[in-house]
Amino acid sequence: MNRTRRKVVRPKNPYTKANCFSQWTFWWMRDLFKRGLQGPLTDEELYQHRKTLDSERVTNKFSELWEDEKKRSHPSVVRMILRAYGTIFIPLGLAFSVAESCCKSLMPLFLGGLVGYFATNQTTVTEQTAYLYALGIVICMLVPVITFHPFIFYIFQVGTKLRLALSGLIYRKCLQVSKSSSNDGLRARAINILSNDLGRFDVALCFLHDTWKGPLESLLIGYLMYREIGLSAVIGVSFMLSFIPLQAWAAKKAAYYRQMTAERTDMRVKLMNEIIQGIQVIKMYAWEKSFARVVAEVRLKEVKAIRGTAYIHAALGCTSMISPLSVFLALCSYVYFGDALTAQKVYTVSSYFNMLNDSMVHFWPLSITFIAEALVSARRCKEFLLDGDRAEVPINLEANQQQTKTKRAPTKTDIQQNVEMNGSLLSNGVPQHSRLRDYNPDATKKCVILKNVSASWDTSDGQPSCAIENFSTEIQDHTLAAVVGPVGAGKSSFLNVLLGEVGIDKGEALVHGKVSYASQEPWVFEGTIRDNIVFVEDYNERRYKKVVKACGLERDMELLPRGDLTVVGERGVSLSGGQKARVSLARAVYRKADIYLLDDPLSAVDTHVGKHIFDRCIRDFLSNKIRILVTHQVQYLFDVEHLLLMGSGKIVAQGSYQELQRSRQFQFLEQTHDESGIDTHSVSSYVSRSDSEKSLEHHQHNRPLLRPDEQVEELNQEQQSVGSVKMHVYASYLKALESTFLLCLIVTLFVCARVMLTGVDYFLSRWVIWEEKIAANATETTLLSDVDLMPANDTLPLNTTDSATSTFNGSIESGIRQELVLFYAIILGATLIVYLIRTFGFFKMCLRISLHLHDRLFRGITRATMYFFNTNSSGRILNRFSKDIRTVDTDLPHTLLDCLAFVIDVSGVLIIVAIANYWLLVPAFFLVVILGGIRYLYVNTSRSVKRLESISRSPVFSLANQTFQGLTTIRALEAQSALESEFHGYQNANTSAWFLFLSCTRAFALWSDLLCIAYMTAVTFSFLLLRNDFDSGDVGLAILHSTTMTGMCQWGMRQTAELENQMTSVERVLEYTEQPSEPPLETAEKFKPKTEWPSKGRIEFINFKLRYSPKEETVLRNLNFTIESREKIGIVGRTGAGKSSIIQSIFRLACNEGMIRIDDIDIEHMGLHDLRSRISIIPQDPVLFSGTLRYNLDPKDERSDEEMWKALGDVELRSYVSTLIGGLNCRMYDGGSNFSVGQRQLVCLARAILRHNKILIMDEATANVDPETDKLIQQTIRSKFAHCTVLTIAHRLHTVMDSDRVLVMDAGEARELGHPYELLQRPGGYLRQLVENTGAATAFALKQSAEQNYSKRLLGDDTATDDLNITLALQEQTE
């Protein structure tokens, strides 16, 4: 699709060449880390993605598996995943888990042995054994680290494969979804699944093995502890495990809240998408506040759901308190059972409880939660992949693509298959062969034949709405057929039946020949104009130039800054409506086909351009093809060979124009002022051009789209912020809380909680030392009393006192023990309370911040200037609202919590170790310095890789979004495979960044873990080497704490880096809150008009200039004119002359210079709401929002039902709306897709009527409606807006011939202003040229119309205009 874009050539991935050792230690990353120090990486420096991670490759693998799944009664995504990768990652995980569990259970035994060596007066453990114990501890820590990181690295790659494969399947699905309205929310769902759901598989796979490892370890550890302290162990363990049901409940609630959050986020993103797409209309109608209200409501609901999740996470975050509580229970019960504590017992038990806490209380529920979430995601994927199946597109394109590639004649079976495929919308599984659509692109005889076809759209409420019924027609080769009829007659539906977008219920349709199609709403994607026209066909320069010329795009290309290599943004931002329509038409015409379906391509363009296109393109360039033209421009119908007149889904009449004209009953064709007077002599140029065409094709085949000397401008790239996140971002994040006291309180609570926890541990170590001293004293006393039993003189008195002392001591000791237990209980209880308050308070604080941030972002976006929306694609803005806000809502609080806890915990550990042995501060210092160094290396590289990864993700969503917008066109032009490979290209670009990001993370984790193990080794051996008299309590305390550092350090460090990465989301949100905003919405007091304003509606332009942004060229220059009150002014000029810019200037949507005064008040002084709400506009593209019809007519709830029905009556929609379910409250789907374009235009007109303003501006409001409705609209405007000033921007001249004055614009300047009749008298005048361009007959009619209007004004002569219409019609017939 975007073939002119620069191809990025990436260096080879060194991973593929690296040896085992290098792969295992991540040594192959060294060059990347070196490069990361020199500054941010660029996209070209990322390595290629690994071949095993190729998007297309894995998608195809999964596609086959999914086809198998669909044959089963209950297809399942999970089963498909297991079939794909289960055989590898399950055995690997088993091996790893077993090794880890063994090391875990052995380690406390070694620790206990080592601590035993330091007990007072012990003789059982020799020094040599102590060294072996120490070595055992180190090995038990080392093995899991060495095996864990490569294992996880592998698992993440499998997760990536799953994500790529499922994305591929989902995108493939998007290309096949039917257009029916039942697939209303599919677009938002697809994008949400792509962005949020598929990322959950990585994490779930990591935690998969913890599900069974947890329970297994608890049995093993429980048994080992039972051996140590007997029954007390059972008490502690059962207390700990009693929390699991609680957690299971919490996990279930969390999943429920997550589902709720997902739904509400979907709602909010969908709403935002509509707001961004329709922002110009929202600004013009001054509806920002009512939309802000709606968004605020949705956002509050979403935050409620998030709050649920956050509090559950807060409760789960407090589980680290369970371990100290269990230790407390076990030890107290042990003491009460009458045993004395020893350091060996205490530290073995503490160590075991810490492990149990990790595996059972922490990881096990987590693994359950993550796996549950992944299952939810898998279910959403499955539902999406199965969802459209009931409304699959009937056109069997894949088969056709294969056929066109091999160019073999289709065999009987092929055709049979094709027919069956299209008849495959079975009802109740019984194939009904009466309904068929036979599409045969290679047929020798080209024709389109429909026999009694009835077809219907599916709707979400299960009631199919009829599209066409009993439709029969036959269009032979070389025919130009036109389809006309009032708004909503089913003209576009007829084309959709031919394309196979609508399922045929009965009858049969034969489409023999290759089809090309131009849709009614022109679809332009992000890329150059040349890309947009050539699309997926081969580039053939001569044909391309001819097409551009035939579609009247030559002049426009000269005016554009880079000709046809100008990049037009998403939705064709930099093109006018007429240009988009012509580009869309050119795309259809450029494709070599036999049948061209053109859905109203002429309505958005000016008359003379329309005439040029009809003559040069439709009648001349495509002369020997079948052309089916839907149109409202009745003036072109004179020599159409086959005319279909439709009304509410049926054919009212068909035949040639002359035949229908004779049968006089058709009022419809009466008002054909032939505006573009088709000269009869051009018909002679109908010579068959196919011979010259064939010789053309012979020479040029599959040329590259760019010549070597051509360059494409780079799209304004998404800003990649450079360097670390600035402090002010953190500051603004915390400032968003808007309460300093709360912030200080929470930080204080964090510190308190840690001090208290450390206090508990320290207290325990003192207690143990005391117990050991008592025990030692007891043994000494017994030894003494043995000596004392020897006979001596004064034996008796001594002996009696001694036994008394020992009993006395015993009671004192038990008394002290009671007090110790009580004290232990009190400090633990206090710690628990502080801990709970700190965690819940923290999450509450974060939620408040994210609420404020979202409000500021929304305000910033809705208040931004239009220039901002024209330069930033919707995908980019939506990314802020979906991904970045989600990060701030859900991920950031967790990371921030981890970081705070990490900093405080590590300080705690270092302090405890230093108390035990102050020499250990030396290795601690080195540890901190080296870790800091490694983190610096890691952060620099990973940050820019992560940013590149985020930026490379945007195009994936943009493409998905654009695909939905142009779905019919894509399928009609058979572009699916091209688009799919483009999608895979974007995915692979993203993968190459993602793979490197993973590698960075793993490398950092491995190296910091190894460092921590080195520190722990130093701690463990220092006690043996320094040979001081260490207390066993201190040794145990120090080693126990330093072992917790291994996992904690790398995790905490990574979280600090992750925090920076997530802070970029805050940075991006803040960046959009600080966009330059529009002038104030409310008027300042001193400028407020005293009376009702505007009361007259007089508009004057004084030395006026307009720019779209302060730095750009002027678009309008030196405008000086006055529009009197109640005047009806027509504005004409060719496309791009600046007609629509006049509207922008009156609404102050761009940078105005000079003065515009309305009723003698300079509009620069008015607040935007006051100004915009006083002017009614009917925009060029009718924009409707999803919600109800009532909401679309009056979002501010200012009007009553009667008024609304009356307005609908005025625009002839009343009867239609009253048939809909709910009447005024009927549902509108995405962008009003359940109304036809003409009906949407009428809704916009009804909006204008409801506003009762003095000034009405119409931007080509009648372009998409048939003449009959057009006449109604003109009458409505004359009667309803008689007392208003009306500005009409017209592309069809007859709409302005009865204006009071006409303003002719050209190249941004006002050329003429006056009554049309006066202007037509000027020789060489601009208006006269425009009129004469339309051809002799029309020019005459137009002049007559102007003259009559003029005399009517002068004489006040009320000759009925109907007479005029009749004279016009007669005069046309005589011609």
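Cβ atoms are placed via backbone N, Cα and C, with glycine included.
Taken verbatim from TrEMBL:
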type     : residues  : note
DOMAIN   : 92-372    : domain 'ABC transmembrane type-1'
TRANSMEM : 132-156   : transmembrane segment
TRANSMEM : 229-250   : transmembrane segment
TRANSMEM : 310-337   : transmembrane segment
TRANSMEM : 361-378   : transmembrane segment
DOMAIN   : 448-673   : domain 'ABC transporter'
TRANSMEM : 736-757   : transmembrane segment
DOMAIN   : 801-1061  : domain 'ABC transmembrane type-1'
TRANSMEM : 821-843   : transmembrane segment
TRANSMEM : 895-915   : transmembrane segment
TRANSMEM : 921-938   : transmembrane segment
TRANSMEM : 1004-1026 : transmembrane segment
DOMAIN   : 1099-1332 : domain 'ABC transporter'
Proximity of the transmembrane segment (361-378) to the transmembrane segment (229-250), 3+ C-beta pairs under 8 angstroms: yes
The transmembrane segment (821-843) in contact with the transmembrane segment (310-337), cutoff 8 A, at least 3 CB pairs, sep 6+: yes
The transmembrane segment (736-757) touching the transmembrane segment (1004-1026) per 3+ Cβ pairs under 8 Å rule: no
Chain residues in Cβ proximity to the transmembrane segment (895-915) (below 8 Å; excluding those fewer than six residues from its ends, i.e. six or more beyond): 317, 747, 750-751, 754-755, 757-758, 761-762, 839, 842-843, 846, 921, 924, 1019, 1034, 1037-1038, 1041-1042, 1044-1045, 1048-1049, 1051-1053, 1055-1056, 1058-1059, 1062
Long-range neighbours of the transmembrane segment (310-337), counting only residues six or more past its ends (CB under 8 A): 225, 229-233, 235-237, 239-240, 243, 247, 250, 253-254, 257, 345-346, 349-350, 353-354, 356-357, 361-362, 365, 757, 760, 764, 817, 821, 824-825, 828, 831-832, 835-836, 839-840, 842-843, 846-847, 890, 893-894, 897
Tertiary contacts of the transmembrane segment (229-250), as residues 6+ beyond its ends and Cβ separation under 8 Å: 218, 221-222, 312, 315-316, 319, 322-323, 325-327, 329-331, 333-334, 337, 339, 345, 349, 353, 356-357, 360-361, 364-365, 368
